[in-house]
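What Swiss-Prot annotates here:
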ACT_SITE  HIS141  active site, proton donor/acceptor
ACT_SITE  SER262  active site, proton donor/acceptor
BINDING   4-5, 67-69, 93-94, GLN212, SER263, 268-270, ASN276, 307-311  N(6)-(1,2-dicarboxyethyl)-AMP binding site
Amino acid sequence: MIERYSREEMSNIWTDQNRYEAWLEVEILACEAWSKLGDIPAEDVKKIRENAKVDVARAQEIEQETRHDVVAFTRQVSETLGEERKWVHYGLTSTDVVDTALSYVIKQANEIIKKDLERFIDVLAQKAKDYKYTLMMGRTHGVHAEPTTFGVKMALWYTEMKRNLERFKQVRKEIEVGKMSGAVGTFANIPPEIEAYVCEHLGLDAAPVSTQTLQRDRHAYYVATLALISTSMEKFAVEIRNLQKTETREVEEAFAKGQKGSSAMPHKRNPIGSENITGIARVIRGYVTTAYENVPLWHERDISHSSAERIMLPDVTIALDYGLNRFTNIVERLTVFEDNMLANIDKTFGLIYSQRVLLALINKGLAREAAYDKVQPKAMESWETKTPFRTLIEEDATITDLLTKEDLDECFNPKHHLNQVDTIFQRAGLE
C-alpha cells in the first residue's frame, strides 16, 4: 500500500524484516519442539535461540542466486550460527514456515484492526447518545419519508459495526491457523507434536487437515470480511456526503484552519474524508475476487496464490486500518446542524405526516381504502401548489367532521416520532 494511505504501526507488520523475523521464530520453535522429543540437543537449540539473526539485505542477496526466498533465508540465518546450523529447517518444507508465519503476521495485524473497530464502535455509541432525540428527516428513495433522529441513525451504524466486530472475531478463528505437516500434509517427516508446539507458542490453532499449504478458503473468507467492514464504512461515508450537500447541510466534516476545499473556488468545504473512505472501500472490495481465485490451487499445492497474497494481504489490512482510523476521526469531529435538520423537516409542507392522518381516519372508522383516497389527493395538491398539507386537510369538512383540532395537532406533532426511541436504544444495547 502506498504511504499516503498507510499508518506506521500496521505498515511495520508487513515489512520484510518482520516477515523474516516471523519465519525465524517458526524455525526456532520447531527446533525447540524437536528438542523436547529428544531429536535435537538442548544446547544446540539454546545456541540457535541466542545467536540466530535475520539480515534482510543478505538474504535478498543470496536469493539472487537461489531464486528461492526460503532457501535464501535459511542460508542467511545459518551464516550467523555454528555447527548447530544443521538443525535449522529440520524436517520442514518451505510452506510449513511461510504459511504458519503468515498466519502469525496476520494475527499481529488483527490485533490492530480489533482496536480500530472497538474505538470506532465507542465513538458511534457516544454520537448516538449525544443526538438520541435530535429530530431529522428520514428519507427513502432520496425523498422525505418520516422523521427519525440523528441518534437513531448513529445507533444503526453502531449495531452494524457491532455485527462486523463479531464477524471479525469469527474470521480470526479461521485465519489464525498454522500448519507444519510436511510436503503434502501427511506428517511423513515431521510428527504432529512439532506442529502443535509451534502453533501453541504462536497463539495459533493447528489446521486439522492440510496439504503442503493452508487452504485458501480461509484467506478468502478473511479478505471478504475485511471488505464487508470497509463497505459498511463506505455506506456511512456516503450518508455523510449526502447530508453535507449544500441543499441539505445537516452535517459537515470538520474543516481545519488553513484547510482548502478547491484550487479554483475559495468557498468550497467538501466532504473529502468521506470521499476518501469511499475510494478505499472500492480498493479493498476489489481484492475479494483475487482472494476467491486463490482458493482452487492444484492438487496438494502450487504457488499461484503467493504473488497475489504478497500484494493483497498487506494492502487490505493497511487500507482498512487507515480507513477505520480516518473515518473514526471524521465521525468523532462531525459538525451536526440541528437547526437545519428541523428546517428540512418543514420543507415539504407537512406532507411527511400523511400516514399519521391516514391512520387517524382509520381509527375513526373509515376503511383503509376510503381513508387513503381522502388523504392522497390532498397530499398531491400540497406538492403541486406548495400549500401546507394541514391547511388542505382542515379545509375538507369530510375530514374535519372526523378529526378534531386536537386530533390534527397530534397527527402533525414531530415529537410523536420520538415515542419509541428509548426502546430502539435499549434493543441496541445503548442504555
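Here the Cβ of each residue, glycine as well, is placed from N, Cα and C on the backbone.
Predicted, not measured: the structure shown is a model, and the values here were computed from it.
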Rounded Cα-Cα span from HIS141 (active site, proton donor/acceptor) to SER94 (N(6)-(1,2-dicarboxyethyl)-AMP binding site), Å: 54
Protein Cβ atoms within 10 Å of ARG4 (N(6)-(1,2-dicarboxyethyl)-AMP binding site), excluding its own: 7
Hey, does DSSP put SER94 (N(6)-(1,2-dicarboxyethyl)-AMP binding site) in a helix, a strand, or just coil? helix
Using a Cβ cut-off under 8 Å and a sequence separation of 6 or more, which residues in the same chain sit near HIS68 (N(6)-(1,2-dicarboxyethyl)-AMP binding site)? SER94
Integer Å value for the Cα distance linking HIS141 (active site, proton donor/acceptor) with ARG4 (N(6)-(1,2-dicarboxyethyl)-AMP binding site) is 35
Tell me, by DSSP, whether GLU309 (N(6)-(1,2-dicarboxyethyl)-AMP binding site) is helix, strand or coil? helix
What is the number of other Cβ atoms found within 10 Å of the Cβ of SER94 (N(6)-(1,2-dicarboxyethyl)-AMP binding site)? 18
How many other Cβ atoms sit within 10 Å of the Cβ of ASN276 (N(6)-(1,2-dicarboxyethyl)-AMP binding site)? 18
